[in-house]
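Asks: One structure, pasted below without further comment.
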Amino acid sequence: LKIFIQDFSKAMSQAGSSQFQEVIRQELEYSMKVELDKILATAHSNEIEHTKKDLEGFKKLFHRFLQEKGPSVDWGKIQRPPEDSIQPYEKIKARGLPDNIASVLNKLVVVKLNGGLGTSMGCKGPKSLIGVRNENTFLDLTVQQIEHLNKSYNTDVPLVLMNSFNTDDDTKKILQKYSHSRVKIYTFNQSRYPRINKETLLPIAKDVSYSGENTECWYPPGHGDIYASFYNSGLLDNLIAEGKEYIFVSNIDNLGATVDLYILNHLMNPPNGKRCEFVMEVTNKTRADVKGGTLTQYENKLRLVEIAQVPKAHVDEFKSVSKFKIFNTNNLWIALSAIKRLQEKNAIDMEIIVNPKTLDGGLNVIQLETAVGAAIKSFENSLGINVPRSRFLPVKTTSDLLLVMSNLYSLNAGSLTMSEKREFPTVPLVKLGSSFTKVQDYLRRFESIPDMLELDHLTVSGDVTFGKNVSLKGTVIIIANHGDRIDIPAGALLENKIVSGNLRILDH
């Protein structure tokens, strides 16, 4: 009896605890609703409709955030994907192309994720407007690629940009310069959600404005927002009405994400007659990619698992290159009709990413985000395709910028390809120190971009400048001590060299 009473009281206290948590959750949701209603009340008549949609979307996300506890994957359920669920690109390519490739291309829409600012590289405005090669910006190269495609095959592949409230105005101004190009360009905006105070879990915004001191109160909620925003904008329905069937989605700063005709043909003319609704391009991990999301089998579905979802005890296992050999490039091919169907059923399920930030004044906030690839488990007949590394060429830092500006790559019709003169297919590992972080500082430190065809590894730290026509080969490490400066002279050849201390070469 004594044991029974102990068990009974324990069960009651646990029930009480979960009831208590439920009361707290309800109170938080109610407080959030009150605050969001106050914010909505400050909107002008022309802002009410889209602000209401944004805040409704945020409310759903906040509700799910309160329901979920800890990492959202049960590590014990994670399995390696079945062999046929991730196809090698070579097999897709070996099928060749049909004679009517133009009719296949006419069913395609290219979507670029264009919500990010260039702040991590010390630039103001949209990242897509940073010059990356011969004065061409990310956006220029994208338009050139699609224009080349449309001219070569006499097709009408449109470009759609998903902007954020941070990038929309500047992007729209610049789009005028492409008015005579052979590419129809459309834009839509991703949602605008309120940042919430980490302590109170309430919005820090007091009204709808997002200029001046209010810029820090709002954020674009990650690229997983594409499904709802694309649908809400009306553009999804318009494109379906025009006969478009698939979108190819990628980050605008991934210079390897060009339209691949073999993958498109595989989608439109599947070998088994059953179309895929969602294809994720994955590529083999290197040591540099250990944090990238990976595809797994989970409850009989393909599922993207990101490092943030992994229980702490299993993080090292997740990073293992031998167990999880591939990662998501965020190049995705998705059926438009499937997006429409799932969006109307409210059936797109994406894990919530909780992104903590500290604002300039020191206030700790969190923003709730989702990732576009996480929706793979909601689609039917999903597939991974293991593509060559060349389809993943992101430019996140000036170290990446140095690679794509160099003679390692040649540029043709907006597409970068590895130079045939490079004897090995891997890209050199480049680490530029903090003196090179900002694009303007980086450009000032190179009189011309060095010859890097035979480079394996470059590390530069401290106050270092490069003269014209420098050649770097093998492993080169240049370290200027604090307070010292190193000038690499014009025409210098550095092969398997370590340069340190204080080296200044002056003209006399």
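From the backbone N, Cα and C atoms, a Cβ is placed for every residue, glycine too.
Features from TrEMBL:
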- LYS127, GLN190, GLY222, ASP253, LYS396: UTP binding site (BINDING)
- HIS223: substrate binding site (BINDING)
Asks: If one measures from the C-alpha of LYS396 (UTP binding site) to the C-alpha of the residue listed as 'substrate binding site', what distance in angstrom results, rounded to a whole number?
Replies: 16
Asks: Quick one: pull the CA-CA distance for ASP253 (UTP binding site) versus the residue listed as 'substrate binding site', whole Å only.
Replies: 14
Asks: For GLY222 (UTP binding site), write down the residues of its own chain that are at least 6 apart in sequence and whose Cβ falls under 8 Å from its Cβ; none is a fine answer.
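Replies: The answer is ILE353, ASN355, GLU369, THR370, ALA371, VAL372.
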Asks: To the nearest whole angstrom, what is the C-alpha distance linking LYS127 (UTP binding site) and HIS223 (substrate binding site)?
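Replies: Rounded to a whole number, the Cα-Cα distance is 15 Å.
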Asks: Per the record, UTP is bound by LYS127, GLN190, GLY222, ASP253, LYS396: how many Å separate the farthest pair of Cα atoms?
Replies: 21
Asks: In angstrom units, rounded to an integer, how far apart are the Cα atoms of GLN190 (UTP binding site) and HIS223 (substrate binding site)?
Replies: 8
Asks: Which one of these binding-site residues has the most other Cβ atoms within 10 Å of its own Cβ: LYS127, GLN190, HIS223, LYS396?
Replies: GLN190
Asks: Across all chains shown, how many C-beta atoms besides its own are within 10 angstroms of the C-beta of ASP253 (UTP binding site)?
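Replies: The answer is 22.
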